[in-house]
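In what follows, a structure is listed as structure tokens, so that the remarks can point back to it.
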Amino acid sequence: RYSLFHNHLKNIEESEGGLDKFTKSYKTFGVNQLEDGGIYCKEWAPGAEAVFLAGDFNGWNPFSHPYKKLEYGKWELFIPPEDGRSPVPHGSKLKVVIRAQNGALLYRISPWARYVVRDEDKVNYDWVHWNPPQSYIHKNPSPKRLKSLRIYESHVGIASPEGKVASYKNFTYNVLPRIKDLGYNCVQLMAIMEHAYYASFGYQVTSFFAASSRYGTPDDLKEMIDVAHSMGITVLLDVVHSHASKNSEDGLNQFDGTDSCFFHSGYRGNHQLWDSRLFDYANWEVLRFLLSNLRMWIEDYRFDGFRFDGVTSMLYHHHGIGTGFSGDYNEYFGLHVDEDALCYLMLANHMINTLHPECITIAEDVSGMPALCRPVAEGGGGFDYRLAMAIPDKWIQIIKELKDEDWNMGNIVHTLTNRRFEEKYIAYAESHDQALVGDKTLAFRLMDAEMYTNMSVLMPLTPIIDRGIQLHKMIRLITHALGGESYLNFMGNEFGHPEWLDFPRIGNNESYHYARRQFNLTEDDLLRYKFLNAFDRDMNKLEERFGWLASPQAYVSEKHEANKVIAFERAGLIFIFNFHPYQSYVDYRVGNWHSSLTVAFKYKILLDSDAGEYGGHQRLDHNTEYFSEEYPHNYRPHSIMV
């Protein structure tokens, strides 16, 4: 793998003038404004017989502006300025006109288009030339690389209680302050790359270089990221390079009239489950396109890194379909591995690390591919983090299948700590996957229909709501503290957002009722959502103070099956969880370790899920001091009684 990567890198140096020049192609491909007012256009269309540019600027004459054919399927066009002004004004609609091999004229959006919009009365998107007289100027530097990532996974369009598509402006001024107050230091943005089908959650990308216009303009997004940076918030893009939409009128598919431009032809170029096209990562121009795409998002919009979606699908020819992963090394090495795709990921991480070392990359891989988060120089994938995807599945399985008294403490600890040596994991109890229609969030699984009737503080605290609120807090804290080197939460889940997430579509009469986040629920003093919101905030603030995510993996001193108690130490803190459905304990001895043999260490409660401000029963006195004794317990040299 490293040899394949090294050969690609060597070829880029020799034939393209280096990685820097190769990945700057976003400044020359597509339609670009020159300093003298002229326009330079460049496309890759190897299957085309001829290429033209048409639009408002030439009265949609499909033949007046032909491209000149270059080597290797490339085409270029230069349009001189008119009296020192651009011949293609800002806001003009454009199309690349392809004469296919069968003689047909195909009107296409450039794969490199920066801005595409859809009129309300139209089905397809239009390509609009984006060249405002004054582009947005970033005022704030990007935050320094974080040691502890607390990620707020977000979708701009649903980030409002109102039943509509919310805007970048709304997110900037209403949601970012909320994220900051909750103690998250990183926002991961979904569905930014333009996608024609809103209900695809942004995972059926049609225009890779265009920020979605349904939320506002490119400058609105730049302002949003700039304001986030002013708050010290890192901004990551959920990037989809694993597949592309099948749309041809306003997508990449059959751009030059063939099914092999950008993608594998035939069966290999189609994803069975996603009904989408699959990139040919061995193709030189595909590498140029994808690597330049990453660089554009970093340099033009100031994103601080990426979460790569669908990495498992990229890594294997079987795309993970109908395949289970047990951890056997034969599953990760062999002819079933797509080495070209893996090499692309290594190139992407190498490029980002070389040109923008402050940026972060995350892999969404369910297979557990070894060394995915080790440096490329070691033959690794080069990612900084990988998602701990087994954790949310484990919580769902436990809540769905087991009685409270049958919860297995050892199994919970194993799932939370089972990660590859020296590879960083992002722990999460639930993400957007669990919030989607057809699934249930943790809160909804725990409390279900009673969330509609018994979340008011004026109503008696029923056993179901009481259990649900307490377990919701405990599950999130133990996942946060024990599950990885970073933590992620999907917007709204921090306060147990009721119901599911469903985008407007034919099946729900195009309703926006479930495509929104009811942040207002936490602001109502009469509702119990405020308790979960407050706990999530204080949990994050405590991590910010002590930095357990950046600390070595926790030492678990107890996983007691009969008592249903889990205890562990991390970052100088002792975490104790009592998962017993009805049993409390007094004078419970918990082992611990501290560096001093002469000073008796004193402990105090810092966070208590049973506290009144979190909807608990206030059974613990927070003024109590707990003294560590030289009394060995559970293989620890000291212990305390709690």
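Cβ coordinates come from backbone N, Cα and C, glycine included.
As annotated by TrEMBL, domain 'Glycosyl hydrolase family 13 catalytic' applies to 162-520. Under the heading active site, nucleophile, TrEMBL lists Asp309. What TrEMBL lists as active site, proton donor is Glu364.
All protein chains considered, the CB of the residue listed as 'active site, nucleophile' has 22 other CB atoms within 10 Å. Counting only residues at least six positions away in the same chain, the Cβ atoms of Arg307, Phe308, Asp309, Gly310, Val311, Thr312, Arg386, Leu387, Met389 sit under 8 Å from the Cβ of the residue listed as 'active site, proton donor'.
On the 0 to 100 pLDDT scale, the domain 'Glycosyl hydrolase family 13 catalytic' (162-520) averages 96 in the predicted structure.
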